[in-house]
Each structure stands twice: as C-alpha cells, then as structure tokens.
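What TrEMBL records for this protein:
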- 91-335: domain 'Sulfotransferase' (DOMAIN)
- Lys100, Gly101, Gly102, Thr103, Arg104, Arg183, Ser191, Tyr293, Lys309, Gly310, Arg311, Ile312, His313: 3'-phosphoadenylyl sulfate binding site (BINDING)
- Lys100: active site, for sulfotransferase activity (ACT_SITE)
- Cys294-Cys304: disulfide bond (DISULFID)
Amino acid sequence: MLFKQQAWLRQKLLVLGSLAVGSLLYLVARVGSLDRLQPICPIEGRFGGARNQAEFPLRALQFKRGLLHEFRKGNASKEQVRLHDLVQQLPKAIIIGVRKGGTRALLEMLNLHPAVVKASQEIHFFDNDENYAKGIEWYRKKMPFSYPQQITIEKSPAYFITEEVPERIYKMNSSIKLLIIVREPTTRAISDYTQVLEGKERKNKTYYKFEKLAIDPNTCEVNTKYKAVRTSIYTKHLERWLKYFPIEQFHIVDGDRLITEPLPELQLVEKFLNLPPRISQYNLYFNATRGFYCLRFNIIFNKCLAGSKGRIHPEVDPSVITKLRKFFHPFNQKFYQITGRTLNWP
C-alpha cells in the first residue's frame, strides 16, 4: 500500500514538474515575442497627421544603426529594401541655419532619437541653382533610407541666408518644420572668420585680420558688406522666411546652451517635432579632453563630433567686439520679439 502511494506521488510530482517547465518555456517564448513586438515609440499626431498603425518596432533601432548604414552606402539590394519596408522620404524637418551656430552638433544629437534619421551630408538643394534644376526626385534620392514612421532631417546652413530658398521649400512642403540654431552674433561671426582663416592657412594663403574685415576703414563703423557680419543679423533673414511660413513653424535653438547644457535644448526640439521623449542624459556625456559633450547611442556605440569643431578663436580687439555687440543689439531685440525667445546675449 505504501509502495503504491509513493509511486502515485512520484507520478504527480513528474506531472507538476512537466507543467512548471512547460509554463516557464511558454513565458520565455512569450516575453521574447513581446520584446520583438513592443513599439519603441509609437509616433502619434506628428505634424498633425493620424497615427500609422504599423508602429515603429524595437528591432528597428538595430537596423537603423546597422542595416540603414549599409543602405546609405549603397550596399543594399532592392529586395532587401523592400523586405524591410524602407523608403527614401522627403524631410519633414530641415535645419536651415545658421552657419557656425551648431547645425552639425544639433543634427547629430537629434539622430540619437530612434524616430529620427539624418541625411549625412549637406544636400544644398534649395540654395544651389544647378542642384535645384535636377528636381525634387533627385533631392529625395539623396535622402537616407528610413521606415515610414521615422522622420528624415537634413541640414544646410546656407539655406537661412539665401534669398530663393524660402519660396522653394514652401513649394515642396508648406507645413514643414524649420529649425534655426543661433549663437551670440559676435561670437558666431568670429567663428565664421576662424573657419575661413583655417582654410586659407591650409593652402598657405594670407588673410586679413578679423578687425580689418568687420570694421569699414573709411567710416570706422561695422562693415555690413562683410558676409560674417551680415549672416549674424538674424532678424533680417528671418523676416524673409516669414513671408512664406508662420512663426509657429520655426523653432529657435540656443546654440550656446547646446554646447554647455544640451539636454534641455534637445527636449524642446523633441516637443516641437511632436516626438515622444527619448533622448536622455545617458545619451550625452562630457568629454573633458575635447571640452564638448559626446554622444552615446548604446553600451557599444559612442560618437564625438569631428576635431574641426570647437576651433580656438583668434584674439580680437576688445573695442571691436564692443562695437559689434552694440551694432547687433537692436537686431537681437527684434529677433527676441519676433520669435518669442529671449537669449542671454550681451
């Protein structure tokens, strides 16, 4: 009798054990399935459109960092592109300027967001007559491969100051989002000069000092014909854009703050683009050697901006800096008034 009871108990334990193992295997498989199906960020209401039911899958981040890179290099077949539902989309947002305001840093930082895909090179479609004559399909083919639920962003800082560009972009997409990153105007002008100076020095060419270019020797006033000065009169260029686009379609990024405290600026851009918040402090770490923030995409992949960023500026006569800041002041005040954003510029 005792033997029969023990045998029955062993049989029960074996059945329960099998059920437990089976349940565990089911849960493991289920979790794996959920992980594959879990959307990394469903994009709702972007640019006023309805949510696409085909949500952005978690594994798309892997494709974005891996396969999409291969597609950008032209190493993918049409069949691979079709199988992964990849497309080349016209940009839904453009960083239109300003030169030496931090356009590259902004683009690279926005690329941290899994719903954003960046064009690696400046396309110069709207500011270059020869490129523009090639048509909108040529422009689209210059865009990176992406998922339909992602947004493509390109940057060409010459757009901001080129007269024909606002109308051309308006004809492509009148509801496009436009990003303008600006720095304190005098600092930006000196940075502009520094880049040109470095190019001249590489070619063993001589170049005027900044003071001689920025100040008219005949009048001793600010030389508004000097391109570096003219570019820093932000309000003059913005007024031309406002003939085509309402101010609500622009977002002003503080380029000086992006250097010292990038996360709050990026969070404002996420909100402007109607993106779910995904960029965090984890994605940004300060590199003491470079003196700038670098990017952390994941535990494996980090990236810093090119060594050409953050060039050391030449010393400039303080009286010239004072004269320039006084010149820019009324334009800055008008810029604050138009955009609704006050920046801490002297």
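Every residue gets a Cβ built from N, Cα and C, even glycine.
Those TrEMBL annotations? Automatic predictions, nothing curated.
Shown on the structure are the features that TrEMBL records.
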residue : record                                  : CB count, 10 Å
Lys100  : 3'-phosphoadenylyl sulfate binding site : 25
Gly102  : 3'-phosphoadenylyl sulfate binding site : 27
Arg104  : 3'-phosphoadenylyl sulfate binding site : 18
Ser191  : 3'-phosphoadenylyl sulfate binding site : 20
Cys294  : disulfide bond                          : 16
Cys304  : disulfide bond                          : 15
Arg311  : 3'-phosphoadenylyl sulfate binding site : 13
His313  : 3'-phosphoadenylyl sulfate binding site : 13
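Comparing the Cα of Cys294 (disulfide bond) with the Cα of every entry in Lys100, Arg104, Ser191, Arg311, His313, these being the binding-site residues, the smallest distance points to Arg104. Cα distances from Cys304 (disulfide bond) to the binding-site residues Gly102, Arg104, Ser191, Arg311, His313 are smallest for Arg104.
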